[in-house]
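Engineer: Quick one: the structure is below, questions incoming.
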Amino acid sequence: MGRGARVPSEAPGAGVERRWLGAALVALCLLPALVLLARLGAPAVPAWSAAQGDVAALGLSAVPPTRVPGPLAPRRRRYTLTPARLRWDHFNLTYRILSFPRNLLSPRETRRALAAAFRMWSDVSPFSFREVAPEQPSDLRIGFYPINHTDCLVSALHHCFDGPTGELAHAFFPPHGGIHFDDSEYWVLGPTRYSWKKGVWLTDLVHVAAHEIGHALGLMHSQHGRALMHLNATLRGWKALSQDELWGLHRLYGCLDRLFVCASWARRGFCDARRRLMKRLCPSSCDFCYEFPFPTVATTPPPPRTKTRLVPEGRNVTFRCGQKILHKKGKVYWYKDQEPLEFSYPGYLALGEAHLSIIANAVNEGTYTCVVRRQQRVLTTYSWRVRVRG
């Protein structure tokens, strides 16, 4: 994840990048942006767990605050799922912290920040998260790493970090579970802001961690401007989970009630009287799961022909599109099985301006299509069907 508007190499789950930052931030022309960033941010969602045995402690007379916005008017889908809809097969996830940041934050503060980020998701979903010792097995593995870390030098689709003021973090889609933070950054508890004294950006760990956790759960970037999973969430400062993320989780994991008393509460009229609480705990009983009509997948012109490629498992495959017509100022759009591909996903595929590279495996099997458009006119279309040979 990063602060810039650049398309990221989303970790095998994802990451956001900031490219417009650098050493020249002392320029006075950036003062308005710095003042804006200094005002961004909000405290993390308070811890609150609704276990089956804690019903009496919920205190329905006082509705706990929630970050979920009210109902929205019907609109088009803005969240994005992974092309293969990768997801976890259980909701009780464990995580371990393999390394801590070397700048500013202590291990204790780091644990507090990560716990707050996990609560943002557990408070609005069936997921629960529990930290385990570093030597124990876990679903999620979190670490703060230097530029060259793990297998980034030998993996074609897992990129290395780029030092300060570049990529902040990246995460891997399920079931990999890796969440990597750039140890060159200056992580803090509190809003992202620029430090004139240190001459560096101080980055809100809770905010970035919550974004990367969304990727680790299977969500890609949202097109909703105020979504936590938006590409520029760090720059814009939106720290609350939007309805977009909840709809994405519902489509990926199903719309589930979190308490066994939800049906009873719904019959007593709590769906209207305690709408926010019920939307968080009892979306199925109150029929809050899908409040707008889900569209069909993005339409793509049928390619005149589709080439089938049988590829050995593990091989890197590259498709090239529109090389001869780029001078006509056309824009290239990529699709997998008719679902639009907007970003790179390290560990799965790398998306360039006019080329697409994938690692041949069971997840990446399917039909890839590129469409070159100039405004509303389609200039050309190519399609490849990939089958993996074991």
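Including glycine, each Cβ sits where the backbone N, Cα and C put it.
What Swiss-Prot records for 1-19 is topological domain 'Cytoplasmic'. Taken from Swiss-Prot, the feature topological domain 'Lumenal' covers 41-390. Annotation comment: Swiss-Prot describes ASN92, ASN148, ASN232, ASN316 as N-linked glycosylation site. What Swiss-Prot lists as Zn(2+) binding site is HIS211, HIS215, HIS221, and the listing cites sequence analysis. Residues or ranges marked as domain 'ShKT' by Swiss-Prot: 255-289. Annotated disulfide bond per Swiss-Prot: CYS255-CYS289, CYS262-CYS282, CYS271-CYS286, CYS321-CYS370, in sequence order.
Neighbours and distances for these, please.
Structural biologist: Over all protein chains present, the Cβ of ASN92 (N-linked glycosylation site) has 11 other Cβ atoms lying within 10 Å.
Using a 10 Å radius centred on the Cβ of ASN148 (N-linked glycosylation site) and all shown protein chains, the other Cβ atoms total 10. The DSSP secondary structure for ASN148 (N-linked glycosylation site) is coil.
Cβ neighbour count for ASN232 (N-linked glycosylation site) (all protein chains, 10 Å cutoff from its Cβ): 19. Secondary structure at ASN232 (N-linked glycosylation site), as computed by DSSP, is coil.
Sequence-distant neighbours of CYS289 (disulfide bond) (same chain, 6+ apart, CB under 8 A from its CB) are HIS250, CYS255, PRO283.
Using a 10 Å Cβ-Cβ cutoff, CYS262 (disulfide bond) registers 20 neighbours. According to DSSP, CYS262 (disulfide bond) sits within a helical segment.
DSSP assigns CYS286 (disulfide bond) to coil, not to a helix or a strand.
For ASN316 (N-linked glycosylation site), other Cβ atoms within 10 Å of its Cβ number 12. In the three-state DSSP scheme, ASN316 (N-linked glycosylation site) is classed as strand.
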Engineer: Nearest to ASN148 (N-linked glycosylation site) in three-dimensional space, by Cα, is which of the recorded positions CYS271, ASN316, CYS370?
Structural biologist: ASN316
Engineer: Counting every protein chain present, what is the number of Cβ atoms, excluding its own, within 10 Å of the Cβ of HIS221 (Zn(2+) binding site)?
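Structural biologist: So the Cβ neighbour count for HIS221 (Zn(2+) binding site) comes to 26.
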Engineer: Expressed to the nearest Å, what is the distance separating CYS370 (disulfide bond) and HIS221 (Zn(2+) binding site) at their Cα atoms?
Structural biologist: 20
Engineer: Would you mind pulling the DSSP three-state label for CYS370 (disulfide bond)?
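Structural biologist: Its secondary structure by DSSP: strand.
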